[in-house]
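K.L.:
Annotations per Swiss-Prot:
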- N66: N-linked glycosylation site (CARBOHYD)
- N261: N-linked glycosylation site (CARBOHYD)
- 1-34: topological domain 'Cytoplasmic' (TOPO_DOM)
- 56-306: topological domain 'Extracellular' (TOPO_DOM)
- 328-344: topological domain 'Cytoplasmic' (TOPO_DOM)
- 35-55: transmembrane segment (TRANSMEM)
- 307-327: transmembrane segment (TRANSMEM)
Amino acid sequence: MEETPQHCLSRLPDNSALKQQELPAHRLYFTARRVLFVFFTTGIFCLCMGIILILSARSTQEIEINYTRICANCAKLRENASNFDKECTCSIPFYLSGKMMGNVYMYYKLYGFYQNLYRYVRSRSNRQLVGKDVKAVEDCAPFKMSDNKTPIVPCGAIANSMFNDTIILSHNINSSVQIKVPMLKSGLTWWTDKYVKFQNPSSKNLADEFRGTTKPPNWPKPIYDLDKKDPRNNGFLNDDFIVWMRAAAFPTFKKLYGRLNRTHHFIEGLPAGNYSFNITYNFPVTRFQGEKSVVLSTLTWCGGNSLFLGLAYTVTGAITWLASFTMMAIHITLKNKQMSFFHQ
């Protein structure tokens, strides 16, 4: 018998289960019963989740007021870009029939505004927004430089078109007494946006840091002077600015504008009664046949008054169940045919 050379034996793998590929293995074996069980279970789960989410969304309190036509004079004024420096205000009274308990949030809602256009979304400078280089405007066409070649901060189309209506909610106790409802302008953003994606330059004096730059054409004041009441809410860390810069996926969307400061008269929420929205109308929507609304809403554990997620679960569950019954019918039919074949 011919012996194996010593140098060949040295190359042989160890006689272990791992190296000899003898580890125990499990091969999935899909039977009709197992597949049907998985489909039925998934369908039941999705249907139950969908019903729970829909009922939860229905339990929120929400009031929406479209003020595009109510403030028609202001809308017409804003159609002409040359009137941008002319102030226009309107007051919208409304009645809140029931108390809005707990935390109440104010949103602005836009119709027909396509924030998801590729060139629009890409027209921004992330290097600028994280405070690394405030004069980095390479990706911001067509809003990179002003007419006198000064860098625009914040640059880009999405920043230039920021929503700039001022909305004040007032509680009308009677014909002579009106209380301004306190709204907080902080805590409106996602944590990752506030502390990762947006940062101010290292200098504490933002005016000095932004020297040599100019504001976007549609902005009334520069980025470092957006909030006179709260110095921390200025620069790239301004909550309204961060909320606007998160582009919406659909042409109809709402964005958080403020949240109720539950103090004094509003500790439990918004009491029922007469209210009014006092709006400084700046953001033009009639140019693109759009509309805008202001929304007051409460939240539940799964969010606001949105049926999208609940309907998605319900439709998925219904389709899964339909597929389950179809597969079960096919399985029974084939099984009966097979049995009749053997009985022949």
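In case you wondered, yes, glycine gets a Cβ from its N, Cα and C as well.
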K.L.:
By Cβ distance under 8 Å, which residues at least 6 away from the ends of the transmembrane segment (35-55) in the same chain are close to it?
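P.N.:
Same-chain contacts beyond the flanks: 302, 307, 309-318, 320-321, 323-324, 327-328, 331.
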K.L.:
Within the chain of N66 (N-linked glycosylation site), which residues six or more apart in sequence place their C-beta under 8 angstroms from its C-beta?
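P.N.:
Those within reach of N66 (N-linked glycosylation site), by Cβ under 8 Å and sequence separation of 6 or more, are E291, K292, S293.
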K.L.:
In sequence order, what residues of the same chain, 6+ apart, have a Cβ less than 8 Å from the Cβ of N261 (N-linked glycosylation site)?
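P.N.:
In sequence order, the residues whose Cβ lies under 8 Å from that of N261 (N-linked glycosylation site) (at least 6 apart) are P182, M183, L184.
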K.L.:
Summarise the model confidence on the topological domain 'Extracellular' (56-306) as a single mean pLDDT, whole number.
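P.N.:
Across the residues of the topological domain 'Extracellular' (56-306) the model's pLDDT averages 92 on the 0 to 100 scale.
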